[in-house]
Amino acid sequence: MAKYLGLRGSSLSAAIAVVSSLCFFLFGYDQGDLAGLLTLDSFLIRFPQVDTIHGHLTAKTAAVTGVTVGSWNLGCFLSAMLTIILGDRFGRKTLIMTGIVFLMIGEIIQASSYSFGQLIAGRVIAGFGNGFNAATVPAYQAECSKPHRKGTLLMISASTCIAAGLAFGYWMDFAFAWLDPSSASWRVPIAMQLIFALAALALIAVMPESPRWLILQGREKAALEVLATLNNTTVDSNDVHQSFLQIKDAVLEMSKSNFSATFHNGDYRHLHRTLLAFMLQVMQQMSGINLITQYFALMFVNQYLYTTWVARLLAACAGTAFFLASFVAVVGIDRFWGRRSLMMFGATGMCVTMIILAILNYVHTGGALIAGSVFLFVFGVFFAIGWQGMAWLYQVEIVPLRIRGPANALSTAANWLVNYVVVQITPSIFRNIQWKTYIVFAVTNAVTVPLIYFLYPETGHRTLEEVDMIFHQASMTPRPWLTVVRIAKDEPLWYGKDGEDSFDYSKSSFHERHVRFSDETTSSEGEQGRLRGAAPGAVHTSSSSEDMSVTQGRRSSDQVPPVPPLPHHSSSEEFNEKADTYEAAPAPTVYRTSMDQQRARSTSRPRSSRSAKDSGRGW
């Protein structure tokens, strides 16, 4: 069989996107599937502990239902925490394959369940597998994507495909409900997940490993081959050379790090960035989305007084609307709005919708109940546009390579922990405070908007290494939490909005710093500079397209291209003005990225005037 099925360039990127999409499809499927089964008679007869629709809505059944739904999230939380330890040790592919295997085992146990304990065990194991995938797949896809495509590809996977899985799960429950009272009416929809899991497992097995992870392990030749294949070129091409240098410099920084670096800021604001990712996942879950999606059919029965058949149909239709709305973000995230604008739009819409739902449920008349059903649809639409895939995309864009494994695992674990709490308390909180539940989540969404506006920089159209540079500049200011947003707006894009600009990274001062660091490293530091099993000197950045292999100790001078002196003209004045604007330290101590833009861009084309302002500066 040809390597990577003979795929190269955009075809290989598409195959990686398919793997990611299947994993996130399974993510959504499991949530949608159980939501419909909670209204199915044959399922409730087998598991009466979760029967809340036949006059049994007691405090005990409400609590047990929450535990049943939340057990999947608990499994996700456990594996997300394990990813902190295992993520960078075993690689992206290995963890994804492990996650799929655990997910399949869990679904087999659920589909064959004859006891309540067996059902819970199956859900925990399936969630355990999904947690590995949710913590790893976004990083894997981002590390194999070009910056101007990264947002669209990740939104297809993490937004559209979760929504597609959710809708498909609802429709499978509706389609097989006619088999009721046979247990096949709920066993078949659960078992259907195995088809998609097997497809994902077979495809990921023949895909390349992340080039960033390979460089991290000192496997530079393999990384070069993967980069060349992803770019549909040869290992000695300039594009591969530039990408290699950027990743290698990031790995050089990572070599000086350990897990504790996640909780310290330093020059690159590690704790700051980890907290941004962590808070974003918390905000996503505190929007109240799983209050609705995991109890859709049950809410239509208990709150809006529909029959179970109509409730399953409405849930399936709501899931379909959720899926269709997700395409708005896919189309617009890199072309029109950017990350910040979509998140603020979604949070505002969800806040208003929650207020309306509270009013309609307080009135609780016939017309109000119909309107309330409609606004459940509307809430899902706002979430799909602004938040469904955004938390997964943004966390891999904001976190640096050197702490990406533990930081992404922590933020993903936060998602699952808050998710578990929300789905655990939902039946009980609706039973106790009823319509006031919506007010709680209206407030959380209202708080989200100013947090995004003031604290979260735009990351659209930027490489992962560009984001490092932005946070480094922010670290030089008195108020980095606030100034990082302004710096991200003002700094030009290295490669333009659509990848149309040429930027010679090897001549930038960002790379020059790492060249100096390598030249100052002595061979006696070999063991300290070793990258998790890499040979001594693996941290050194080679800029020769003919020999980028690991060298022993100090690099020879012919491997380092001469870096021309920085120009002393108006661009220096431009930089100093920026430094004053950001209240930064004196200009010589800050990366001169704006000057690099003028020096490093190809002279064969004019400098693009586009900047991050064009990709989501405001609403």
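Positions of Cβ are set from backbone N, Cα and C atoms, glycine also.
Features reported for this protein in TrEMBL:
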COMPBIAS  540-554  compositional bias 'Polar residues'
DOMAIN    16-460  domain 'Major facilitator superfamily (MFS) profile'
REGION    514-619  region 'Disordered'
TRANSMEM  12-29  transmembrane segment
TRANSMEM  69-87  transmembrane segment
TRANSMEM  94-114  transmembrane segment
TRANSMEM  120-140  transmembrane segment
TRANSMEM  152-172  transmembrane segment
TRANSMEM  184-206  transmembrane segment
TRANSMEM  309-330  transmembrane segment
TRANSMEM  342-363  transmembrane segment
TRANSMEM  369-394  transmembrane segment
TRANSMEM  438-456  transmembrane segment
Leading stretch by Cβ pairs under 8 Å, where the reference is the transmembrane segment (69-87) and the options are 120-140, 309-330, 342-363: 120-140
Average model confidence [pLDDT] within the domain 'Major facilitator superfamily (MFS) profile' (16-460): 90
Contact ranking winner - 94-114, 120-140, 309-330 against the transmembrane segment (184-206), Cβ under 8 Å: 94-114
